[in-house]
Amino acid sequence: MYNVRGDLNRKTPSDGNVNEIGSMYASRDTSTSSFTNPTDSSTRLLYNNASNATFSSAALAAGVGGTRASGYTHRFSIRPSSQTYNRYPNGGNSAGSDMYSTSPQNNSIVDDIENINKLEAVAFAGPTAGESDFSLSREDKEIDDFLHYPLPAKDAKKLSYFVGGEGLMQLLFLLFLAAGTGMLFIGLPILTYTGHNSLASTRVTGITNHQFRILRLLRYGSLIDPDTPESAYTFDSQDLGTLDLVFSDEFNYPGRAFYDGDDQFWLATDLHYAATTDYEYYDADTPTTANGTLRLRMDAFYNHDLNFRSGMVTTWNKLCFKGGRIEVSASLGGSPYIPGFWPGIWTIGNLVRPGYLATSDGVWPYSYNSCDAGITPNQSDPSGISYLGGQRLNQCVCKGEDHPNVGTGRGGPEIDALEGTFGSGIPYNGSIYLETMPVVSQSAQYAPFDLYMYPNYDFVTIYNQSVSAMNGWAGGVYQQALSCASQLNNSWLSGNAYQKYGFDYKPGSGPDALISWFVGDEYTWTMRQPAVGQNGNIASRPVSEEPMIVVLNFGISPTWIYFYWYELTFPQTMYVDYVRIYQDSSDSSSVLGCDPEGFPTTEYIANHPKAYLNYNATSWSEAGYVRPKNSLMDGC
């Protein structure tokens, strides 16, 4: 065992006078650190952590202390002379003494700092003189350099190394990708461009992939359904002459939905129709299409605190028409023997959104363009003939007030293609009256009202009195109704068979303005405008000049008909095969759109969202708006 604790003057067993540092570098086979007095400055340069420790010769031979402590042992290792050196000789601080002089008592004392510095320099010089184990030059190559520098600097300029086979393939792929992208976004539009697409086309031959329901049903250039047969493209009206088809919907695409934004023309109602105290809730998920028909199904289903659920769709603020013919093929819901249901196919001015009572306040069912007692609340009649609050958008509204177009009386008149019911009073075979026969009421609703609600029947025509008769109900305190009831075939209900219903009409005043209703191919009755001409202190009321929307619904209400609860069965469905609109292209009074000249609606609707989007508001003031002032009642 070698005790390395001591000073540099300690002798080894083999050499009585050998320097401790030199002995560590005596041969190439053994390399170790010098472990000397930790207070010795020369020793601290080699190993600062040397302390009291005892090491075996085997440990020393293995190189304890590491490369940095021991340095390299090779043929150029410096072996100091055999004499003993002492960095701090005795008396080194006394007068006349030389700290680097040789002490006679210690054989000779020489400063070993130079030897130590040389030793450290050689330790970092590498195993061979002139070489460095820590090469910093790229020119020095080692056997594993290819892993780190696959392209030596001297070879970087060679094209074969710069590109290579793989690089060439990548370059070709990038060029192909760039060419394909350019072809897709530049070449393809150029190759497929066919020139200007005229909007005057009458047919839509293709739309898009059927997987995209909404996009597939969009129609550009024509509002005619591609599934409408060409034989239905024109119609010869008894009063209006030859008419051209301008809109149709055959409902042939299955699974259509009618939530807001789902359909180009139709919008499902989602509310309780409180205006007529209906028992059902109109749910927007109810209307759908299947087997070529629109289906409005009523279920005894608890929904929104009501016991029934059904469907209503409208074209409100999407599709409007003024003048022409509307034709609807339908099979009404319910049993032909049990009364109770209320199917409807009707139209109303676009300024009224069905079910939104604030929009109908002071607007429905006015068709009036005069400034007199007809615009006032209750028609200024103390007899209580009318409970209406007066025409809000009347002709004499002051300039600058809230009105779609000041100077024109505006309203929301209603024309019904049918309201399904059962009724007595309808002649059967000329003499027998049946209370359980299905009939349709075809009517026009007006305000202000005639005196005693009695129109001028000289301008009313009923074509077949064996199946049609004027309705005994002429209206109430909120509307005057000119209505004719016609009996139906029992098979025209519940999807068993379909029948056509609708009307032709020409807007305006005078004997040429009229409405003619029909069932199937037969006209049932006609009302010419003078039937609601001037009467008492009320001026003439024109046939609706407002842009009209289409409404299809299937309801149940105690205000419409008496029914027997225990005999009603559910579910019941109303089916609609198609809706078609015809107009005379040469007639300036016939317009397809919601903003015909002199009767705009869309801007006014957009400016009053609190009324047109909130069905909980039941009056114009409740929606947060003020009735406009007029010269007759307020002065301007």
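The backbone N, Cα and C atoms fix where each Cβ goes, glycine too.
Per Swiss-Prot, these features apply:
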type     : residues : note
DOMAIN   : 218-587  : domain 'GH16'
CARBOHYD : Asn291   : N-linked glycosylation site
CARBOHYD : Asn378   : N-linked glycosylation site
CARBOHYD : Asn429   : N-linked glycosylation site
CARBOHYD : Asn464   : N-linked glycosylation site
CARBOHYD : Asn489   : N-linked glycosylation site
CARBOHYD : Asn616   : N-linked glycosylation site
REGION   : 1-22     : region 'Disordered'
REGION   : 81-107   : region 'Disordered'
TOPO_DOM : 1-170    : topological domain 'Cytoplasmic'
TOPO_DOM : 192-636  : topological domain 'Lumenal'
TRANSMEM : 171-191  : transmembrane segment
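For the glycosylation sites Asn291, Asn378, Asn464, Asn489, Asn616, the ranking by surrounding Cβ atoms (within 10 Å, all protein chains) places Asn378 first. For the pair formed by Asn378 (N-linked glycosylation site) and Asn616 (N-linked glycosylation site), distance between Cα atoms is given as 25 Å, rounded to the nearest Å. In the predicted model, residues of the domain 'GH16' (218-587) average a pLDDT of 93.
Checking each of the glycosylation sites Asn291, Asn464, Asn489 against Asn616 (N-linked glycosylation site) by C-alpha distance, the shortest gap belongs to Asn291. According to DSSP, Asn378 (N-linked glycosylation site) sits within a helical segment. Counting only the Cα atoms, the space from Asn464 (N-linked glycosylation site) to Asn489 (N-linked glycosylation site) is about 15 angstrom. Taking CA atoms as the reference points, Asn291 (N-linked glycosylation site) and Asn489 (N-linked glycosylation site) are 23 Å apart.
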